[in-house]
Amino acid sequence: FAFLQERLRCLLVLLLWLRGTDSFYVPGVAPINFHRNDPVEIKAVKLTSSRTQLPYEYYSLPFCQPTKITYKAENLGEVLRGDRIVNTPFQVSMNVEKKCEVLCNLPNKPVTLTVEQSKLIAERIREDYYVHLIADNLPVATRLEFYSNREEEEKKKEKDVQFEHGYRLGFMDGNKFYLHNHLSFILYYHREDVEENQEPTYRVVRFEVIPQSIKQEDLKADEKGMCTLPEATGSAPQEIDPSKENQMLFTYSVHWEESDIKWASRWDTYLTMSDVQIHWFSIINSVVVVFFLSGILSMIIIRTLRKDIANYNKEDDIEDTMEESGWKLVHGDVFRPPQYPMILSSLLGSGIQLFCMILIVIFVAMLGMLSPSSRGALMTTACFLFMFMGVFGGFFAGRLYRTLKGHRWKKGAFCTATLYPGVVFGICFVLNCFIWGKHSSGAVPFPTMVALLCMWFGISLPLVYLGYYFGFRKQPYDNPVRTNQIPRQIPEQRWYMNKFVGILMAGILPFGAMFIELFFIFSAIWENQFYYLFGFLFLVFIILVVSCSQISIVMVYFQLCAEDYRWWWRTFLVSGGSAFYVLIYAIFYFVNKLDIVEFIPSLLYFGYTALMVLSFWLLTGTIGFYAAYMFVRKIYAAVKID
């Protein structure tokens, strides 16, 4: 044992030493050093539009192609996001300027677009598509400069700069379509410190583009494939007429600038948030909500409960015992198993799986290991974690099923492993068929779908069975009071004890604690923004867990005081009440923030929203259920029952 301890200590020292050295990088994102004239490869990722929500691969449009097209091998997350990373014919060399060069059909032969191709480009311009390129894993950005609402004197001095991801494919003026056929790349490099007699090394730290639409005649291409950019005022844009063939030149220029930004900080430009104070406001707002809830809770628990328990436990004046009232009355029925215990335990098992997965993903992302630079890593991690967390989901579901007097553990385990994932897979498959029909790169390829099914039935299902087996064999939860043979009659309930009213009341506070963060998450998903504030998200998640637990305890206390002991299903439903508000917010976001008009994009939006709402309901319902269950067991253990 001492030998093993020594070995572990050595391993820990080695890991800490590695952590301290300069060579420690998150896997896959180590910096690449370039010398002057080294090729810097420009790759294309995809075309996206927040109006259609359908990504397309780069060569779905008639752009110039290299002699050999090679696609990068992608991880699961990239495939699910619709990324199809491919090489392009742009020739860019480190710290080598290019004034203007023709991209294809050298030397100066124009590209002829057929009527079909022209129609397709015009349609994509109308749908507001953006093109996404990368150089050294940095996404291209378009600089937007604007004056903020400052004083007049300051206005003259300073502009606010923001960056838009990708560049617009083209623009419309009236009913005419114009294509951005000239790209001015501006790449920034950081010169690394090297020894005196060594060749200087450079690292790419920013990748910007200025897209321009310039008519073929104005580009003045010569026999060598060089071209001349016209003066900004004197040039006409390149129109695309969808009713006929169009001729044009695709051209580009490259400009390099030195930058003080170090390689480690190169993503900061893309992630600049002008509204970090909104996040702080959101956190403070959430903390106030939680304190408000805690105040109510402590008042109920400390004052009311103590008084109740003291009254119930008075042993003197046995003859004059007051008529039992309130929650003690239902002590013989409070742990009576509910209807459909197998489905309840299965849903709660899936909720535990989601809870563990989300907690670990947010925590790991907060440590910076799932940054946007490791493309698709977040989604890949989430998928694998959900599969592996099946063992915990199965364990909790099995133990609860045993507590609820269930006997068919194999059927229960199968239900836990397939109920929620089956619904998710079913909805995604139907949506995927529609995306396939549109020939979008967002469609999950058939081999990936088979791989996901193999993960589900090869990893998740056996792990759920394993967890369920041990959970079912373990001692059931110890309920402090016995259940009567004959169920007690439930008195008529007041209107405000209705399930739906409970959902509305219970959902508003947890939703209020997190709705500002929800806006940023929606923007990241539907408007192709980067989401990276996982530190804030982790805080919000903790606040959500606390507020869900507290509101669930308050609701179950009121229910038991009203002598209604059917709390199992009700607590699960009511605690997930904030999911109802998330659905309302999603509809509001769709109507006010998104410019989606077509049927399939709307179907995709509401399909994925339904999955988010279902997952959120399972998550919050599970948190609330376990909080309420612990509370109920605690209070009934504190009173003496004859």
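Every residue, even glycine, has its Cβ placed from backbone N, Cα and C.
Heads up, TrEMBL stuff is auto-annotated, nobody curated it.
Residues or ranges marked as signal peptide by TrEMBL: 1-23.
What TrEMBL lists as transmembrane segment is 280-302 (among others).
If you look up TrEMBL, you'll see 346-370 (among others) marked as transmembrane segment. If one looks beyond the transmembrane segment (346-370) by at least 6 residues along the same chain, the residues whose Cβ comes under 8 Å of a Cβ in the stretch are 26, 377-378, 381-382, 385-386, 389-390, 392-394, 396-398, 400, 412, 415-416, 419-421, 464, 468, 534-535, 537-538, 541, 572, 615, 618-619, 621-623, 625-626.
Note on the transmembrane segment (376-401): residues 74-81, 83, 341-342, 344-346, 348-354, 356-357, 360-361, 364-365, 369-370, 409, 412-413, 416-417, 452, 455-456, 459-461, 463-474, 476-477 of its chain, located 6 or more positions outside it, place their CB under 8 angstroms from a CB of the stretch. According to TrEMBL, the feature transmembrane segment maps to 376-401 (among others).
The transmembrane segment annotation in TrEMBL covers 413-437 (among others).
If you look up TrEMBL, you'll see 449-472 (among others) marked as transmembrane segment.
Summarising the annotation, TrEMBL assigns transmembrane segment to 500-526 (among others). Away from its own ends, the transmembrane segment (500-526) comes close to residues 50, 53, 278-279, 281-282, 285-286, 289-290, 292-293, 533, 536-537, 540, 543-544, 547-548, 551-552, 555, 570, 573-582, 585-586, 589, 593-594, 605, 608, 620, 624 of its chain (Cβ-Cβ under 8 Å, at least six residues beyond either end).
For 532-560 (among others), the entry in TrEMBL reads transmembrane segment.
For 572-591 (among others), the entry in TrEMBL reads transmembrane segment.
With a threshold of 8 Å between CB atoms, the same-chain residues lying at least 6 positions outside the transmembrane segment (603-632) that come near it are 53-54, 334-335, 347-348, 350-352, 354-355, 358, 420, 423-424, 427-428, 430-431, 434-435, 477, 506, 510, 525-526, 544-545, 548-553, 555-557, 560, 567-568, 571-580, 582-583, 586, 590, 594, 596. Here TrEMBL flags 603-632 (among others) as transmembrane segment.
Stretch with the most C-beta contacts under 8 angstroms to the transmembrane segment (413-437), considering only 449-472, 532-560, 572-591: 449-472. In this chain, the transmembrane segment (532-560) touches the transmembrane segment (280-302); three or more CB pairs sit within less than 8 A of each other, excluding pairs fewer than 6 residues apart.
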